[in-house]
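Engineer: Submitted below is the structure of interest, expressed as structure tokens.
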Amino acid sequence: MAEHTTATTRVSVLGAGNWGTTVAHLIGQNGIPVTLWGRNEESCAEINEQRRNSRYLKGLELSEHITATTELAKAVEEAELLFLVIPSQAFRSVCADLGDLVRPNQLAVHATKGLELGTGRRMTEIIRAETCLRQIGVLSGPNIAREMCAGKPAGTVVASRFPRVIEVSREVLKSHQLRVYGNTDVVGVELGGTLKNIIAIAAGMATQMELGENAKSLLITRGLSEIARLGVALGADPMTFSGLAGIGDLMVTCASPLSRNHRVGAALARGMSLKEAVDSLGMVAEGVKAAKIAEQLTGELGLRAPLMHAVYRVLYDGLTPAEGLRELMTGAVQEDIDPSLTRAAATKKR
Ligand SMILES: NC(=O)c1ccc[n+]([C@@H]2O[C@H](COP(=O)([O-])OP(=O)(O)OC[C@H]3O[C@@H](n4cnc5c(N)ncnc54)[C@H](O)[C@@H]3O)[C@@H](O)[C@H]2O)c1
Ligand SMILES: O=P(O)(O)OC[C@H](O)CO
């Protein structure tokens, strides 16, 4: 591949929802031409002609450097760097379509915060299984799309085993508005972004139930402990969860009413059914499926995860949020710092 400079890197973003559109906008704001692939003709025309994506980012103006298209081949063929921003349950089918279109020398970074239902696979595993792309990574962190598209400052993480993937992604994304940190722990960054969504659903319930800030802090801290315990059991570096893609992302999604997962939790605590809550949202809330996957994984691995289990029971087992809270407050109390995490951190240090 030719030597990259920011201005010459050819970038495409696949997925034109909240986050895909925002990622394209952030790159376009740097003066870099960027192709955005979406399925919806009308939405692509609106982006190209009016610089808006009113379904997902109402009232915000998009960069003039974005060209939206519904033709996947066109979006992929010229790109040196691809961002895949497709909801986790549709991710494999898009990767399968990419199979014949991509080349091994292209760089690919996904920004999806979920696991595949049924297989528990991470998105980097799906990219590897379905395509010839090998120089891959993940973009994750405390990144509420609407805030970032509106120009507010933020930090994010690109994780990859390939320094070039981190470097080129940072070059196209970084700006006075966005700090881009690197990490080599792909598993930890993928799992931090995925599992925090389950805890954010609980936080939405806590907000709606007016449980107060102490309860929110308890939730975030014990939630982080569960995320790290499951993450480490699946191969993550425990230290990753103290970074932006761990505690950073958990904090914003638990605090912000803009978080869709948070909103689903609040809707459930208002008495809506899960179907009503998801339908009224009209966007993806990855924690709904992630709770199911985490329930299965923690069961198989014999791990304690009472918070995630309570969210699962509220979503799928008919437990009310109030009953879930009662169960959590009366369950067995463990060590403040999980000894298995202390051991894992010490092993990594050696
Ligand atoms: N919105 C955020 O603030 C944010 C931030 C960071 C990460 N993420 C993650 O990014 C991913 C996408 O989230 P989003 O907010 O953009 O979702 P969204 O609900 O706003 O949009 C989803 C998009 O995916 C498209 N899509 C769905 N199925 C598809 C398919 N089979 N083929 C092609 N396109 C398909 C939809 O048409 C839509 O454009 C999620 O995993 C989410 O967790 C979101
Ligand atoms: O709106 P959510 O709940 O999908 O969260 C968006 C981002 O993941 C926050 O970092």
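From the backbone N, Cα and C atoms, a Cβ is placed for every residue, glycine too.
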Engineer: In TrEMBL, the substrate site includes Arg260, Asn261. Which of Lys113, Lys152, Lys348 does it also list there?
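Structural biologist: Record check against TrEMBL: substrate site with Arg260, Asn261, extra candidate from Lys113, Lys152, Lys348 is Lys113.
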Engineer: What subset of the recorded positions Tyr56, Lys196, Ser259 lies within 10 angstroms of Ala16 (NAD(+) binding site), using C-alpha positions?
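Structural biologist: The recorded positions passing the 10 Å Cα test are Tyr56.
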Engineer: Binding-site residues Tyr56, Lys113, Asn261, Val284, Glu286: which have a Cα within 10 Å of Gly17 (NAD(+) binding site)?
Structural biologist: Tyr56, Val284
Engineer: Report the same-chain neighbours of Ser259 (sn-glycerol 3-phosphate binding site): residues 6+ apart in sequence with Cβ closer than 8 Å to its Cβ, ordered by sequence.
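Structural biologist: Within the chain, Ser259 (sn-glycerol 3-phosphate binding site) has Cβ neighbours under 8 Å at Ile144, Ala200, Gly204, Val252, Thr253.
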Engineer: Report the DSSP secondary-structure composition of the domain 'Glycerol-3-phosphate dehydrogenase NAD-dependent C-terminal' (185-323) as helix, strand and coil residue counts.
Structural biologist: 108 helix, 0 strand, 31 coil
